[in-house]
Amino acid sequence: MTTRSVSSSSYRRMFGGPGTASRPSSSRSYVTTSTRTYSLGSALRPSTSRSLYASSPGGVYATRSSAVRLRSSVPGVRLLQDSVDFSLADAINTEFKNTRTNEKVELQELNDRFANYIDKVRFLEQQNKILLAELEQLKGQGKSRLGDLYEEEMRELRRQVDQLTNDKARVEVERDNLTEDIMRLREKLQEEMLQREEAENTLQSFRQDVDNASLARLDLERKVESLQEEIAFLKKLHEEEIQELQAQIQEQHVQIDVDVSKPDLTAALRDVRQQYESVAAKNLQEAEEWYKSKFADLSEAANRNNDALRQAKQESNEYRRQVQSLTCEVDALKGTNESLERQMREMEENFAVEAANYQDTIGRLQDEIQNMKEEMARHLREYQDLLNVKMALDIEIATYRKLLEGEESRISLPLPNFSSLNLRETNLDSLPLVDTHSKRTLLIKTVETRDGQVINETSQHHDDLE
């Protein structure tokens, strides 16, 4: 906190002597040189808690350690010797000139550094103005324009997502309706297939009946043929009997003609012939009636079987046409279902791709917004850092100004002429000691900031002696 400067006596350092050497260690020399140390601090770094040190009059950046100054008005200065060589004054003047030359060089360096700091401050102020303009532009125009643009694009994306959601719901409803239609058609197809199986079974039974009827018809035809053969045989037999009877009648007639005396035989033959003719006619009539009745029955049965067969064929053809039409309808519905399912899959894939693209766009826009926010925060931090650097540079400039003012005031003081001093002998033991301590006031200022805003500021004063 304090910087001490060790003062050495120029007189003892240059001349020495037994008088001075025999003095106790508590004695002090009164011809001294003053040294001054300048400490230049760098720019303060921004932090959550900063401590700014300032001292009076020069501040923490200029620590001054002062030794006893040689004043021309110091009373009671006496030396042990009556006469002193004035070359001592020349040596002191030479050393003082060297010190002044060194101080001038140091001041020149300080001025150069001060000019560099001023240029740096001006450059930082220009950068600060540029950043402030960019920040205002980002806050004013960029925020509203980008915000409106992002909001409009987000609204458009939400509208498209809602439209796609509605389209998806509509397609799902159509898919459900088509699924119900397909299920209904499948049930109808099952019913038609059952009816087809029943028709085929009925047709098979009808075919069996037709086969049975055909067999019966063949049997009846064989019976009719056998009956016709029997009738023909009976007719032939009847004709032969008639011929035999006629031959017998002729023979009897001849005999009757020959034997006129027998009239009763002719009447008997006539009676026998009539009886045979009546029996033959009766048998022929009965045979014809039985044949006609059997033929009518067989014809009627054949007609019935033909009607049933024709009806069965018609029903079979009708069922076949229905099965073909239903098969074509099922195939068409299958094709429609496949096309709708393919369209639904394509729409789902397109919707998934578009949704992924929209999600990517939303993510990219959110990343851009986050990057813009981070960039704005970075600009704000840089601006705050520049403000902190500017404050530190302002403090250093004020410190340098005070140092320069102190140096100018010190340079403007009149310098004593050592050649005109009247050195007289005096008792060093009786001389009062000159106070070699300098008082320094230390100001400790603590500033706490958060997000670029000052939240707490405290100041403490300390007095130190050197």
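Yeah, the Cβs are placed from backbone N, Cα and C, and that goes for glycine too.
Copied over from Swiss-Prot:
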| type | residues | note |
| --- | --- | --- |
| MOD_RES | Thr20 | phosphothreonine |
| MOD_RES | Ser42 | phosphoserine |
| MOD_RES | Ser51 | phosphoserine |
| MOD_RES | Tyr53 | phosphotyrosine |
| MOD_RES | Ser72 | phosphoserine |
| MOD_RES | Ser83 | phosphoserine |
| REGION | 96-131 | region 'Coil 1A' |
| CROSSLNK | Lys104 | SUMO2 cross-link |
| MOD_RES | Lys120 | N6-succinyllysine |
| CROSSLNK | Lys120 | SUMO2 cross-link |
| MOD_RES | Lys129 | N6-succinyllysine |
| CROSSLNK | Lys129 | SUMO2 cross-link |
| CROSSLNK | Lys139 | SUMO2 cross-link |
| MOD_RES | Lys168 | N6-acetyllysine |
| CROSSLNK | Lys223 | SUMO2 cross-link |
| CROSSLNK | Lys262 | SUMO2 cross-link |
| MOD_RES | Lys294 | N6-succinyllysine |
| CROSSLNK | Lys294 | SUMO2 cross-link |
| CROSSLNK | Lys313 | SUMO2 cross-link |
| SITE | Phe351 | site 'Stutter' |
| CROSSLNK | Lys373 | SUMO2 cross-link |
| REGION | 408-466 | region 'Tail' |
| MOD_RES | Ser438 | phosphoserine |
| CROSSLNK | Lys439 | SUMO2 cross-link |
| CROSSLNK | Lys445 | SUMO1 cross-link |
| CROSSLNK | Lys445 | SUMO2 cross-link |
| MOD_RES | Ser459 | phosphoserine |
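Distribution of Swiss-Prot features across the structure.
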residue	record	Cβ within 10 Å
Lys104	SUMO2 cross-link	12
Lys120	N6-succinyllysine	13
Lys129	N6-succinyllysine	10
Lys139	SUMO2 cross-link	11
Lys168	N6-acetyllysine	15
Lys223	SUMO2 cross-link	14
Lys294	N6-succinyllysine	14
Lys313	SUMO2 cross-link	14
Phe351	site 'Stutter'	16
Lys373	SUMO2 cross-link	10
| Distance from Lys373 (SUMO2 cross-link) back to Lys139 (SUMO2 cross-link), taken between C-alpha atoms, in Å | 11
| remark: One should report the C-alpha separation between Lys120 (N6-succinyllysine) and Lys104 (SUMO2 cross-link), rounded to whole angstrom, as 24
| Helix, strand, coil residue numbers for the region 'Coil 1A' (96-131) per DSSP? | 36 helix, 0 strand, 0 coil
| request: Calculate the per-residue pLDDT averaged over the region 'Tail' (408-466) and state the result as an integer. | output: 54
| message | Of the recorded positions Lys104, Lys223, Lys294, Lys313, which one has its Cα closest to the Cα of Phe351 (site 'Stutter')? | response | Lys313
| message | Looking at the recorded positions listed here (Lys129, Lys168, Lys223, Lys294, Lys313), whose Cα lies nearest to that of Lys373 (SUMO2 cross-link)? | response | Lys129
| request: Please tell me which one of the recorded positions listed here (Lys104, Lys294, Lys313) sits closest to Lys168 (N6-acetyllysine), measuring Cα to Cα? | output: Lys313
| said: Quick check for the class: what is the C-alpha distance, in angstrom and rounded, between Lys129 (N6-succinyllysine) and Lys104 (SUMO2 cross-link)? | reply: 36
| Can you tell me the three-state DSSP label for Lys139 (SUMO2 cross-link)? | helix
| task | Express the distance between the Cα positions of Lys223 (SUMO2 cross-link) and Lys294 (N6-succinyllysine) as a whole number of Å. | result | 10
| task | Could you measure between Lys294 (N6-succinyllysine) and Lys104 (SUMO2 cross-link) for me? Cα positions, answer in whole angstrom. | result | 165
